[in-house]
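Chemist: Below is the structure I would like to discuss, written out as structure tokens.
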Amino acid sequence: MDLCRSSILLLIIALLSPRTLSMRYELKSSKTKCIGEEIHENAMSIGKYFIVNPNEDNHPLPDSHKIIVKVMPPQGKNLHEADKVEAGQFSFTAYENGSYVACITAIDYKPETTLTIDFDWKTGVHSKEWTNVAKKSQVDMMEYQVKTLMDTVISIHEEMYYLREREEEMQELNRSTNSKMAWLSFGSLVVCLSVAGLQFWHLKTFFEKKKLI
């Protein structure tokens with residue numbers, strides 16, 4: 001019982017902590033960097049990206065600073081595609097459990113150039129910008145907090161349901177593996193006994209021919 005409570009507590013802490021992929025990295029011309037995120041079914045996900053301007057005086061980005069972006073589900077058509085852009089954003093609701101991947105490619109350019117990419121990806125309850133909603137609709141702080149808590153509770157429920165499904169899948173896999181191992185052990189035993197019987201028969205035949213028995 002204590003273990004169950006501890007697991008639920010850890011799950012709540014994990015969901016209340018920021019589930020955000022936020023990074024800044026360098027990417028050379030024609031190179032690709034892919035980032036994956038494990039997302040469960042019906043979870044909301046949003047992301048944004050842009051090339052950091054190397055010009056201190058905020059001049060327009062040079063022609064070499066363009067990227068190609070693709071966001072791919074576990075299977076099926078791409079959820080987002082952008083060709084030769086400087087910045088962009090995407091949003092989707094996951095239609096199946098699995099690993100969703102975002103790939104960013106710097107365009108091929110000579111001479112080779114190094115781009116600095118700023119990438120931000122939020123999933124689940126953290127993808128819903130309640131702060132912006134509160135500002136736009138001018139709701140009071142109490143209503144804002146209630147909405148945030150309700151959204152967190154829903155997210156916890158969905159996460160627990162997802163974990164229960166994964167546990168059932170693992171149990172089914174274990175049962176299937178144990179069954180296969182049992183049949184494999186039985187087959188190995190039959191083969192060993194058959195080989196032992198053939199060896200015994202061969203030795204008996206050999207000794208009879210030699211008239212040793």
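From the backbone N, Cα and C atoms, a Cβ is placed for every residue, glycine too.
If you look up Swiss-Prot, you'll see 163-176 marked as coiled coil. As annotated by Swiss-Prot, omega-N-methylated arginine applies to ARG166. Residues annotated as region 'Interaction with ARF1' in Swiss-Prot: 202-213. Annotated motif 'COPI vesicle coat-binding' per Swiss-Prot: 206-213, in sequence order. As annotated by Swiss-Prot, topological domain 'Lumenal' applies to 23-180, with the evidence given as sequence analysis. What Swiss-Prot lists as transmembrane segment is 181-203.
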Chemist: Let me know the model's mean pLDDT on the motif 'COPI vesicle coat-binding' (206-213).
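Modeler: Mean pLDDT across the motif 'COPI vesicle coat-binding' (206-213) comes out at 72.
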Chemist: In sequence order, what residues of the same chain, 6+ apart, have a Cβ less than 8 Å from the Cβ of ARG166 (omega-N-methylated arginine)?
Modeler: ASN97
Chemist: Is it possible to list how many residues within the region 'Interaction with ARF1' (202-213) are helical, extended or coil according to DSSP?
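Modeler: Grouping H, G, I as helix and E, B as strand yields 8 helix, 0 strand, 4 coil.
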